[in-house]
Amino acid sequence: MLSAQIEKATQKGLCTMNEMGVSEVLDLLKTAESFAAGAVWKPRMQLFVANLFFEPSTRTRFSFEVAERRLGLEVLQFDGQHASTQKGESLYDTARTLESIGASALVIRHRQDAYFHELKGLSVPIINAGDGCGNHPTQSLLDLLTIKQEFSSFSGLHVVIAGDLAHSRVARSNADILTRLGARVSVAGPIEWMGEFTDTYTHVSMDEAARQADVLMMLRVQHERHDDNALFSKEAYHQAYGLTEQREALMAKQSIIMHPAPVNRDVEIASVLVECKRSRIYKQSANGVAVRMAVLKRALA
């Protein structure tokens, strides 16, 4: 009986984009679109969802909380600075405790790559809100929804992911699923920050990226994950690898700019472009609520 509950929880949770087929992804996007259009779903009974954030977060944390409250869920907020993990309690024991006191799902962001492998014995769904440099599936889904709203289809689109790819869970979640959905993915940025991506994807210059991309997906320089923060000055990075006003002028009329945020203005993107006509950065944030409502419904229905 317990093994069946664990298997069901695994199926309803969401830890990586790779665990979902294309049809599942499209179904989730369809559900998200319905929520964005005003659809209502409520659980039949009182359900508690615990949000465990072990890393700083604004967009993801509050987006999940808004999604949970719109669905009529009871939200348990976890403060990692004042929790028993500070006394040495393991992530598993913390999660197991929340499961035992009645949490129906756990939303977790953790600095450790693939932390969720340690939680396979739980019988409640785990929703990954970001693991180290590994995965960020709900960010990927909201990015996909934003692209779908713009172009209706993914087939034939050229998406360039640019910036600090080696340290980006967003890049890892997006590159493969975009390819599976029919898009062509290229990468841009310092070759030192490409990690494994140049093994699979074509590396282009930033000027080429601006000219060629239907979707130019800029990534934050993750200074906190670099051993050497002084590899580039902010000004040098912006001129060599950022989206400057001059590069934006090279972009095709229909092309859009995306960024998972937070944005380092005048580093990845010129400040004047953050809210320009082709920017979809705040649309991405707005779409996060509908996407996370869809993911929570899938986990709890």
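Each Cβ is built from the backbone N, Cα and C atoms, and glycine gets one as well.
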So Swiss-Prot lists Arg59, Thr60, His136, Gln139, Ala261, Pro262 for carbamoyl phosphate; which of Arg109, Arg111, Arg280, Arg298 goes with them?
Arg109
Check the Cα distances from Arg169 (L-aspartate binding site) to each of the binding-site residues Arg59, Thr60, Arg109, Gln139, Ala261, Pro262 and keep only the ones within 10 Å.
Gln139
Residue with minimal Cβ packing [other Cβ atoms within 10 Å] among the binding-site residues Arg109, Arg220
Arg220
For Thr60 (carbamoyl phosphate binding site), which residues in the same chain are close in space, meaning a Cβ under 8 Å from its Cβ, but six or more apart along the sequence?
Phe53, Arg109, Ala129, Gly130, His136, Thr138, Gln139, Gly288
Given Pro262 (carbamoyl phosphate binding site) and Arg220 (L-aspartate binding site), what distance in Å do their CA atoms have, once rounded to a whole number?
7
Within its own chain, what residues at least 6 apart in sequence put their Cβ under 8 Å from the Cβ of Ala261 (carbamoyl phosphate binding site), listed in sequence order?
Arg59, Arg220, Ile281, Gln284, Ser285
Least surrounded among the binding-site residues, given as Arg59, His136, Gln139, Arg169, when other CB atoms within 10 Å are counted
Arg59
